[in-house]
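The active site, proton donor annotation in Swiss-Prot covers Glu345, and the record cites sequence analysis as its basis. Feature annotation from Swiss-Prot assigns active site to His376, Lys514; the stated evidence is sequence analysis.
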Amino acid sequence: MNTPRCDQTAAWAALAAHHQGAGRQFDLRTAFGADAGRFDAFSLQAPEVFADLSKNHWDATTRGLLLGLARQCQIESRRDAMLAGEPINHTEGRAVLHTALRAPRGAAPFSDDVHGVLDAMLAYVEQVRDTATSGIKHVVNIGIGGSDLGPQMVVPALDAYAQRGLQLHFVSNVDGHDIAPVLRDLNPRETLVIVASKTFTTQETMANAQVARTWFLAGYGEGGEAAIAKHFAASTTNVAAAAKFGITTTFGFWDWVGGRYSLWSAIGLPIALAVGAENFRALLAGAHAMDRHFATAPLESNLPIQLGLLDVWYRNFLGYTSRSIAPYHQGLRRLPAYLQQLEMESNGKCVDLDGASLPYGTCPVVWGEAGTNGQHAYFQMLHQGTDVIPVEFIAVKTPNHGPDVADELKAGLADQHVKLLANCLAQSQALMLGKTTDDALTDKAPTASTALDALTVARHRTFPGNRPSSTLVLDRLSPASLGALIALYEHRVYTSGALWGINSFDQWGVELGKALCNQLLPRFASGESAGLDASTAGLLARLRG
């Protein structure tokens, strides 16, 4: 598809001119004071997700110019090409069809194949979850990257829907300090091990799988080799390699499923084991609802596209190089780590689709922590630091602590949830309003003694304010709403990547380190350092000693 790069459009030039004028001087407090309808004008409702974008550094003019940029970059036709299965991952010659994994039967390419694997996987899930028959009480998922981050994020998020008596464990790091404590107290006869690797060759995953196999055989005793077939399963396309390992239960997926978009596929096996077939299908349905919103909503009300446009405005015109994710729900504590891979592995690119170096920035650094923990860690910098860092708050209206919460705890837990939500709103409000030096002077002075005069102390207690934030609201954290939220971020990433003119679906930056690691491994045994740079040679010698 022949589309202009964003910086070559008239809309880009118009945005640059706008930034040099009113856009650079934008003040949230002034904007809200001048427009009583700003909240309504800059709020959007998508499936399962409400978004308040009113506390961001944009006005109607800015948004209109950004929508013009989207149209001049042909974002709608590029979106349609992805959804139709065109090979938009051009460096690998592949389609990008994670949306097909959650589409109803017959509604997307490869539907029969997708639903064949899904039905088989969920039938297996129900067998394992019948713990009285299967005898399985623990599931150990071994994977890394997309084979780990997605399931490890979703399982705790949906804890209220999880089956009690079946405990999930995740192992990813090649460091033995990851797997050793997981296996330490498990009984092989009560454990299912999932090996999640598309090729069944991923270094870290296969190293951990071999350790798990050794542990299993040693602990199981007589008949262990034969029992591997019952106690191991694999999410892989390399059935032959899995069979050689002793695994006969395998669930495959396709080369058009990128790792960081794969939790909807057989990689989601541990999710389905945790929450069951019905809830896994609800997760898929929620994501599909967001897919349809992305595919059909006009640009003016299309939430993924609006967020992608805001990302471009912040990164390329206002110069904000970082974004903090603050989910005010402990179940979403792994979401920032998941989004780090989704966004930074997708859009951390420095060349355009033709391989030309980009003259502008792309992906911001994405980081964060669950609220309120983050307030006591890094929010100081958000409020008074020298960098402006947009914050993305995620709030859940109604708590769900699961069906097994004791009655005597319910009132206290409900009160805690109100406190949680109040903290969320207070932080977004404080970032916007700030505190003037005059206000700080009228506040009661700190009780700690100080030799500083009142004005100096007040300056230390001044907040600049005008710090931007968005707030996403879910009514409940359910399989459907979580599916929609994840899909929202996926489509937002594609939107900003398409506007930047990059391929969001390869990850060549990961490959060089893998190749060099394979070259270095034999040197740890031999000590040979010929041809290495002085730093690597010196570190090799120190680490071998």
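Note that Cβ sites are derived from N, Cα and C of the backbone, with glycine treated the same way.
Distribution of Swiss-Prot features across the structure.
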residue : record                    : Cβ contacts under 8 Å, 6 or more apart
Glu345  : active site, proton donor : Arg260, Gln507, Gly509, Val510
His376  : active site               : none
Lys514  : active site               : Gln203
